[in-house]
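The active site feature in TrEMBL is assigned to His434, Ser436, His576, Ser578. The feature domain 'ZU5' is assigned by TrEMBL to 311-444, 445-586. Annotation source TrEMBL lists domain 'Death' at 778-863.
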Amino acid sequence: MQKMAELLGLRDECGEGTSGAPAPTGSCLADNRLNLDVYPDGCRRFLQLFKEQQGEVVQVEFLRLSSNDCLLDTTLGSLPHLKCLKSLVLKGGHARDEFGSYQHGSLTSLPPDFGTLRCLTHLDLSFNRLSTLPSCILHLPSLHVLLVSHNSLVTLPKDFGRLSKLTFFSAMKNQLKDLPQSIGELSMLQDLDLSENALELLPEEVGNLHNCTELDLSGNRLSSIPDSLANLKSLRRLHLHSNLLVTVPASLASLPSLSRLDLQNNCLRAIPAEIQTLPFVHIRGNPLGETEPSPQAGLKSLYNVINSCISSGSFTVTSEGCRVVLACGIHFYFPPGAASDPLRICFRSLTPDPQWVKLKHHDVLLSRVLELQPHGVQFQQEVQIWMPYISPQTPHQHEVVVRTFSGQSWNDLKTRVKWKRKSKKCVAHCCVLHFSWFLVVSRLVQNECKVPAEGTLLFSSVDPNIKVIFPPGVTKEPRSVKLQVLPVSAEEIQEITANAGCRASPLLFLSQDSTVDFLKPVRIQLPLPPGVTGLNLDRSRLHILHGDLEGQTWNDITSEVVLEFTHLYAVFEVTHFSWYWLWYTTKTYIGGIAKKVYERLRLYQVNFIALQRKKDPEQVLLQCVPKHKVDPVLKKLQDRYRGPEPSDMVEMFEGEQFFAAFERGISIDMDRPDCVDGRLSFIFYSHLKNMKEIYVTSPVDRKGQAVKGQVSFYRGAVPDSIPEDATRKRKGPDSLWLATLPIKLPQLKPRWDENPSPLYGFSFPPLNLGNAETGYLTQANLLGIARRVGADWQSIGLNLGLTYQQIERIGYNHREDLNKQILDMLFSWAQQNSEDPDCVSKLITAMKESGRQDIADEIEAIIELGRQKYSESIRRVGLEQESSTEDSAIAMM
């Protein structure tokens, strides 16, 4: 092999290699490998080696040659002598024509004795001019991987099934019109790629590929697919997009391993319900079509699916009505006649802002905010909405409702909840006559009634022992009364007060829709605290506490009311409503204790985590996790991330703001929309993901050493509804600090952003993706995005629509520089799609489909900031125009 290396480095007659410099032998020869496709004269070098060192050449196991080489035909005759050959690559695409397009290789056939290569397991003949598959390939008994993509194949041999050991077959980008029945004999096949051909029918035998895990049939002319595909029990990914499918078998929904079903850009007009409910189905780009009969009047019902991997979009509703399903799980039903004229509906998913989304006491937010426009348009019939939500942890004492914003206040809608077994999601269902903002919350169970002049009885469904009795004559006009109960266990009371003698009844909250007190006293029945009965009751230890609406003050009203007792209950009378609480204790000043307990009941115990991605330590995941969820979250992340142990436990309120600050030599992009004074802003919601994944940098020179920094968490703005005492406790020099976790950036070579030329030698015209109204992504924004991509660039490129050939070429052109690969991929795509108004949405979708939610969130934040700036500029211009008009009018007077 040493002699072979010397021959590979031979200079030509001018004393230099073909490229004008000595050939880098290490890049083409490694042990028993010959990588000669990197040389324009690779075939000449091979022939010379074969002539002078045949004994060593025939021992080669891995060989790569370019089929664009003019000496390829001569070289093919020598290949059957390489009896040890395991992998052979004879690909084209190594040269370009005058228009910059890749040229296919000259390979049209293989020598008959090629089938004697008994050890060959991998054969790549992509980017050539094969019109038929050489018959000698069928005689390769050990072949596992066969690639013939980007050729001109019209058909496959009838006995193609002879390749019984084949596990991977790619024939994408050919002209195949049909498949042989023998394809079903490939029992070991795991990956089959037949995309971008001319297939019109599939044989039933395809269903015999029981080991197939990925099947790509996209970009063909299929109008239907056989039911036998439901036999592919190992199938994980099925790509059927860009065909002519009118329907798909409902049996596909029963595939146990399926995790991705792509039906985009077809002619689907009948989508089985089983397929509709799959959480991983993608059906964007299909025309509206008739669905299964609707239970509503049996009238024509239309079905449309919007890909909501992006946070906003739109669809059109006609007088015929329709069903709309967003890929995120939100459903709409517009009955026929709901809209008299065609109406364009715009939807948008928003991050809840505590300054706007005002939660009531003990409310728990279960979803993001859904905005539906146009606001205020009155539908002729009620529109039904189904919103998925995260199931709350306390279902007995809480209930789930959809809450809507009227423009001035939030109101709860009549809501029904349902558990969808197939998708394993909870959904909240409501009906509305107009659109605005919607969210899902968990609130204390609410019982209500209409109190007439004759009086009535109201009791709690959480604790039927709690009753409110309204006597006759209590009111002149009927009024609505609501009752809510918060059970408090004896263990909670003892833990908070550190006093085993303190006990309390459930908390009772009463409200009404009138500001006028009742005309007669209302009788309230509360159960005695746990362990207290009429037999052992000490009346001096029993206290009735009245709390204001915000629960910030608790007054002992025992001496102001008449208390009656039974064996199990205490009964008293009031004329106005608020919080009421029955306590049993030896303490004299019980109001302060009750305030402390009430505050703690609204606090969540949480831990902070700061993890770094194993493949890219500069990518940091920050999350605030409720204490009981820490272990499951860490277990889920441990394969991709590493980092320190979670922080010590701290307490936070629902909707409380906090910040993360990177310190000691670590910094972040200060232009981020969620960055305030150099700190990353968070809002804690106990049932939502309080998580951000960001890219950190260091101004410190890391060429010689690692950077040992840290991230600290600090409290932010205190919600208005937090008790005053809690606010006072947080004042002081260390009151804002919550926790600190270490972050270590390893020693790295300089990144491209440290180079004076940020585009690292690439030259592109200025870019502005998007439009003024929705916000732009500029060249600087794209460069910031590129810094975060890392090793996922190939997956992102494929989801952006780049071909395998383009990805492979980018990887080859910059094979020793990951940064250049990322820049070439991202900026080349941006340049080609700069005129596409939906290019930003496609970029966000590609990031999410590639598992990079962090980058998708970053882009959405940039776009949202752009929208805000655009709206502000429009308002400023409008004000200036009005001002100019007024000045002109004054001048004319």
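Glycine is no exception: its Cβ is also placed from the backbone N, Cα and C atoms.
In TrEMBL, annotation is done automatically, which means it is predicted and not curated.
Sequence-distant contacts (6 or more apart, same chain, Cβ under 8 Å) of His576 (active site) comprise Asp517, Phe518. For Ser578 (active site), the count of additional Cβ atoms within 10 Å of its Cβ stands at 15 [all protein chains shown].
Model confidence over the domain 'ZU5' (445-586) stands at 88, taken as the mean pLDDT rounded to a whole number.
According to DSSP, the domain 'ZU5' (311-444) comprises 0 helix, 71 strand, 63 coil. Note on the domain 'Death' (778-863): DSSP counts are 68 helix, 1 strand, 17 coil. A straight line from the CA of Ser578 (active site) to the CA of His434 (active site) spans 33 Å. Summary: among the active-site residues (His434, Ser436), the fewest other C-beta atoms within 10 A of the C-beta are counted at His434.
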